[in-house]
Amino acid sequence: MPHPSLKSNRALPLLTFARTHSFAIPAICVYNLEGILAIIRAAEHKRSPAMILLFPWAIQYADSLLVRTAASACRAASVPITLHLDHAQDPEIIKRAADLSRSETHEPGFDSIMVDMSHFSKEENLRLTRELVAYCNARGIATEAEPGRIEGGEDGVQDTVDLEGVLTTPEESEEFVATGINWLAPAFGNVHGNYGPRGVQLDYERLQRINEAVGERVGLVLHGADPFTKEIFEKCIERGVAKVNVNRAVNNEYVKVMREKAGSLPITRLHEEVTNAMQAAVEKIMDMIDSTGKAEFMMDEK
């Protein structure tokens, strides 16, 4: 049962609706205004719900500026879009981010925060997660956590590649659900960053067992999904995944356009082309995880 302060949370209904209608919410990591615009425009064009994901770097780099901009854009959109802080690994940053969203300020902030203590021991991970979940919940913010370690490197995430990889078990999932989280990001062969020469090797049976154990109580989140095919997404959604995090598949388009066209176009045109390329990548993801067109159904059910 969600914390009483979460009754008006904007993000929780998205995953609940996605799970019950067999699709996933596209959750796109971005670092700048172009990325924010690309997600909003893609969601409105595809009539898809979505999440904008910022890393703690956004707060360290620009204080509340990017957060307020993204949060305001989410609330002004014609489809359901929410703002999520991804891979928040410093307790003080988590509290700072949560305080940006306090209702008494009358300014929008994060709708959800990933409390990522996976770089600590399991016991410390659980203790800190429980403490920080309570802090976020009291401010009306939904939470996500990551049992085990989803190895690899990703821009904005502390590298765990040298740590022993740990896959999530149903028993660990139960322990994390007990901390009060709303969403769980299990490790079942998915990794942040590059998958290496063997390619994608997912343990679907493990994901199914986790879903059977806790899927009725928390939403399941897929990390490390950048190279996945539509078939892989379908298998994950069949096993309970309701939110798909994507980073490089979208942000690589920014880098590609900048490398190819910087210096040959006016700056205004360059920013437009970057945004258009990122938007096209987001729309492709929406089609692959079947969120296209679902916003209308969500709004009809409200």
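The backbone N, Cα and C atoms fix where each Cβ goes, and this holds for glycine too.
The structure displayed is predicted, hence computed values, not measured ones.
Per Swiss-Prot, the feature active site, proton donor maps to Asp86. In the three-state DSSP classification, Asp86 (active site, proton donor) falls within a strand.
Residues or ranges marked as Zn(2+) 1 binding site by Swiss-Prot: His87, His192, His223.
What Swiss-Prot records for Asp116, Glu146 is Zn(2+) 2 binding site. Secondary structure at Glu146 (Zn(2+) 2 binding site), taken from DSSP and collapsed to helix, strand or coil, is coil.
A 10 Å cutoff on Cβ-Cβ distances gives Val246 (dihydroxyacetone phosphate binding site) a total of 24 other Cβ atoms nearby, all chains included. According to its DSSP assignment, Val246 (dihydroxyacetone phosphate binding site) is in a strand. Annotation source Swiss-Prot lists dihydroxyacetone phosphate binding site at Gly193, Gly224, Ala225, Asp226, Asn245, Val246, Asn247, Arg248, citing similarity to another entry.
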Check: Can you count the other CB atoms that lie within 10 A of the CB of Glu146 (Zn(2+) 2 binding site)?
Finding: 25
Next item on the list: Tally every other Cβ atom lying within 10 Å of the Cβ atom of Asp86 (active site, proton donor).
Entry: 27
Notebook entry, point to check: At its widest, how many Å does the recorded dihydroxyacetone phosphate site span between Cα atoms of Gly193, Gly224, Ala225, Asp226, Asn245, Val246, Asn247, Arg248?
Noted result: 12
Next item on the list: Restricting to the same chain and to sequence separations of six or more, state which residues have a Cβ under 8 Å from that of Asn245 (dihydroxyacetone phosphate binding site).
Entry: Ala27, Ile28, Cys29, Leu53, Asp86, Ala185, Val221, Leu222, His223, Gly224, Ala225
Notebook entry, point to check: At the Cα level, what's the spacing in Å between Arg248 (dihydroxyacetone phosphate binding site) and Glu146 (Zn(2+) 2 binding site), rounded?
Noted result: 20
Note to self: Between His87 (Zn(2+) 1 binding site) and Glu146 (Zn(2+) 2 binding site), how many Å separate their Cα atoms?
What the structure shows: 9
